[in-house]
Amino acid sequence: MATKTDDAVQYNGEDLKSFYFPNKFDHRQSAVPGNPCYNFRFRIFIFFTYIVVTQLGEIFGTPSDNINGVWDWGHLMTTPVNKLYQEHRWFSAMMQISSALILDFAFFYVSLYWVLYERNFRLFAVLILFYAIRAVHLNIFKLEYSPNYYWEDPLVPSLVVKYGKYSDFFYSGHVGFLTICALEMRKVGKSYMALFFFICSIFQAFIVISFAIHYTIDVPGGYIFSHYFFNMVCYWEAKIDFILKRIANCFSRTNKTIRIAYENDPEKQQPTAI
């Protein structure tokens, strides 16, 4: 929420005094006047540099190897670890249980935080979009199992992790889910939990690649799609909540309005029916 004082104008705690935000913004311009893009020579330089870089990328960055099956650099690099998993069941079970505990904790922590403190549909809108699009991907394009695929049941149940053989590849839900948790915690100001979930996502990336239950491309796909969907939901957040309110009104038996009682602590803002 924007606030105006005698010294500065702030939005979400950031000083916007040096920025320019007109009522009707021309998106051909920049909110930071004086940046190099206002220089015509700089724009010409970027234009020709882009042409050169794309041509070099097509020549040197596009492989032409005739591959039978699937070639995965991540699986090749983690083959020694994968062999340890298969030779020492206690080790693979320990890693699987650790992975599952992290995901279960993230699910309960973020979900219960939403139930107790948040008053918008942002978190679950992102999760629904992320997993719905993922389900479409999994059913329109299927890959063969990696020869090193190993995901046996460690005999410790998990709420969010399933074991066995599943064609559950692009994109990684392990990584994407924790990325969404990290972004949500950052959004509500819990930077330490955001950092914790991001570090956990790196651990999950190692797990899914070393167990060969995901191909390496699935991991950056999980990061990218989760980040994209989160930003997209944030952009449409108010409209999503408005539509949710209209739907709820269709099933409401009363016409009570909602008054938001704002307190000094934003985490304690509570809606009050009148």
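Start at 1 and count along the chain as shown; that gives each residue its number.
The backbone N, Cα and C atoms fix where each Cβ goes, and this holds for glycine too.
The annotation domain 'AtPDCT1/2 transmembrane' is assigned in TrEMBL to 72-227.
Marked as transmembrane segment by TrEMBL: 90-116 (among others).
With a threshold of 8 Å between CB atoms, the same-chain residues lying at least 6 positions outside the transmembrane segment (123-143) that come near it are 70, 110-111, 114, 167-171, 173, 176-177, 180, 184, 215, 225-226, 229-230, 232-233, 237, 240. Among the features that TrEMBL reports, transmembrane segment is placed at 123-143 (among others).
Residues annotated as transmembrane segment in TrEMBL: 163-183 (among others).
Residues or ranges marked as transmembrane segment by TrEMBL: 195-215 (among others).
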Same-chain residues near the transmembrane segment (195-215), Cβ under 8 Å, at least 6 residues beyond its ends = 70, 72, 74-75, 78, 81-82, 85, 92, 95-96, 98-99, 102-103, 106, 143, 146-151, 168-170, 172, 174-175, 178-179, 181-182, 185, 223
